[in-house]
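Report on the following structure.
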Amino acid sequence: MSLLLNGSVNGIPHSKPYNYSTLLSRFIESYNELQSYKSGKAVKVDGRTLSVAAVTAAARYHASVELDDCPTARARLAKSRKVITDKVESGTSVYGLSTGFGGSADTRTDQPLLLGHALLQHQHMGVLPSSSQALDVLPLLDPNSSTTMPESWVRGAMLIRMNSLIRGHSGVRWELIEKINEVLSANVTPVVPLRGSISASGDLSPLSYIAGTLVANPAIRVYHGPAAYGARQTSPSSDALTQYNIEPLPLASKEHLGILNGTAFSASVASLALNDAVHLSLLAQVCTAMGTEALAGTRGSYDPFIHATARPHPGQQIEAAHNIFTLLEESKLARLHETEVNIHDDQYSLRQDRYPLRTAPQFLGPQIEDILSALVAITQECNSTTDNPLVDGETGEVHHGGNFQAMAVTNAMEKTRLALHHIGKLLFAQSTELVNPTMNNGLPPSLAATDPSLNYHAKGIDIATAAYVAELGYLATPVSTHIQSAEMHNQAVNSLALISARATLNSLEVLSILMASYIYILCQALDLRALQSEFVSGLKNIINDELVSIFGSFLSASQEDTLSKKLLTIMKSSLEKTTTMDGVDQMLATAASTTTAFVDFFGSSEFTDASLLGSVVALISHFRSQVASRAANLLDQLRRDFLSGERGLAPASSYMGKTRLLYEFVRVTLGVRMHGSENYARFVNGLGVEDVSIGQNISLIHEAIRDGKMQPIVASLFT
């Protein structure tokens, strides 16, 4: 996408290209990269080019991993390793090689291997399920998920740790990196405690479980066996390595610390979070475009003049507005152009959309910029060395520093999580407007497709989304403000990056549920708009028919046309104001709204034969009765046709712009039908027979978001 930034020449405003990497371009690039890995391309570990997409591919989709074993890479590691062996042989004092750890670095030893064992021993302190046997008391939380990391987090951490070690700054052997990859490739995953890391000297304890697996510590358990939904088999690491013919690797000096001292777990969880955050922030723009259609809003709110010229923040005014504007091309539901009207013609109606639509680019844009900033930071973290000490193989110098301090990850996650809340808040505001008959431009209350007295369809969703956005607000609270001094006050400041990344994944889960709920009601609203459009077309014919039948002998053709248009306008206005009524009552009220127009018309100078006025007025009641009856029958027929699928699985498609691809994915691919068939049949078969529950349909959409099945649809909207 070409972005523009305003400027001026001789005082005349103009726009010029602005070099900015858009969220959309990053999403498309990442999506294509992920697809290549899923198609068989190996993730390359070279210390420089690891991407969020690559981490996602290896962590979630079991993509193969290939080490860059070029002579240069091997030589770099060999030089770094030689520095360590030389220091050991010469008796040089080096942190973690001859000293204790952290606040205990004042101790000394000439036993580096035993020192490594002591390091692993004291870090293997996490709380995990002690047995897989059934409990004799029901737990308050799931014993596994409440204490144990998901496998995808651990797999991502193993990949990132290899990518850091291969840079040659850690003093480890090539064989160590190969062994991690061998374990990863065999789909043997350490069981790692969920809690216990403050991400200060890296994620020490979680990484110690990877080290414990490599040395076949029988106290460390691993997942293994066929991949399946849910938990796999767990066994002691020693048994699993034997089963898969993997030789344990006795660690050499400094290698215990080389594995533990890094930010791999924080970076892994952050990478997985950002992969989904980019998708959801783009999906929010698609939802806003669909919301504009569903609410009969105006495309003009996203006009380039407002955003690319007047206030050209890159992510905000330019990208978000451009995407939404483009998605609304050729929509028959959104107003594509502002139409100037007389002040009396739009009296008592809003002249512009409310804030949730009209200011969506301004609200979404800063979130896009923050997520892009986080993406840059986490990508850099995945391609950095986060050890201490660091080894310069060229000079032989050992540097004592603090690259393990993961505040870069924390900041990235804090801003991402806050952005997710703001996205959720915007979509919540749109959704509450959509289900409210006083705000949704003529849609029925709770988006009921049948008589609203016995159909409260989206009311539960309206309540639930309030709970979701409230939880997002709670989760958006910074984690870093809760940093505590730790480890003998040596780690007096720390990052809590892993905790922050975990909280961000929680936010993503809540936001994806909220978005699934919104997409569900958007599809319902769009179907109702299509139904209304067909109803208005039918109503126009009914009015014309009844005018000719009842008043034809009193009116000329031009008078019939004039009166018909006026009556249709009045009845459309009445329909919008009476959506809380059941169908029959609404049609009676709508037909009754024509009375004044008839009286005004036949009492005007246009109707010249005053002697017939009494006869004409007597026929108005008959006209109202006929129109009300036929309109009620038409509405009932349309409801039956739409709900039964006679109008197709996706009846609103022809009315929509580019957003129809997402709508069709929900309606056709996922099989989520328009709601209301049980209500139309007056629950003759009870609940859950003719249709699944509302929650089951929303769950299908949520799973498509969560599992990445919706990403190809979003990508296709922009390519």
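Using the three backbone atoms N, Cα and C, a Cβ is placed for every residue, glycine included.
A quick note: this is a predicted structure, and the numbers were derived from the prediction, not measured.
Sequence-distant neighbours of TYR95 (active site, proton donor/acceptor) (same chain, 6+ residues apart, CB-CB distance under 8 A): ALA105, ASN388, PRO389, HIS400. According to Swiss-Prot, the feature active site, proton donor/acceptor maps to TYR95.
Per Swiss-Prot, the feature 2,3-didehydroalanine (Ser) maps to SER201; the stated evidence is similarity to another entry. Every protein chain shown contributes to the tally, and the Cβ of SER201 (2,3-didehydroalanine (Ser)) ends up with 26 other Cβ atoms within 10 Å. DSSP classifies SER201 (2,3-didehydroalanine (Ser)) as coil under the three-state reduction.
Sequence annotations record features per position, and here Swiss-Prot assigns (E)-cinnamate binding site to ASN261, GLN352, ARG358, ASN388, LYS459, GLU487, ASN490 based on similarity to another entry. Sequence-distant neighbours of GLU487 ((E)-cinnamate binding site) (same chain, 6+ residues apart, CB-CB distance under 8 A): GLY102, GLY103, ALA200, SER201.
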Structural state of ASN261 ((E)-cinnamate binding site), classified by DSSP into three states: coil
Neighbouring C-beta atoms (10 Å sphere around the C-beta of ASN388 ((E)-cinnamate binding site)): 21
DSSP three-state assignment for ARG358 ((E)-cinnamate binding site): helix
Other C-beta atoms that fall within 10 angstroms of the C-beta of ARG358 ((E)-cinnamate binding site): 18
Neighbouring C-beta atoms (10 Å sphere around the C-beta of LYS459 ((E)-cinnamate binding site)): 14
Per-residue Cβ crowding (10 Å cut-off), top of binding-site residues ASN261, GLN352, ASN490: ASN261
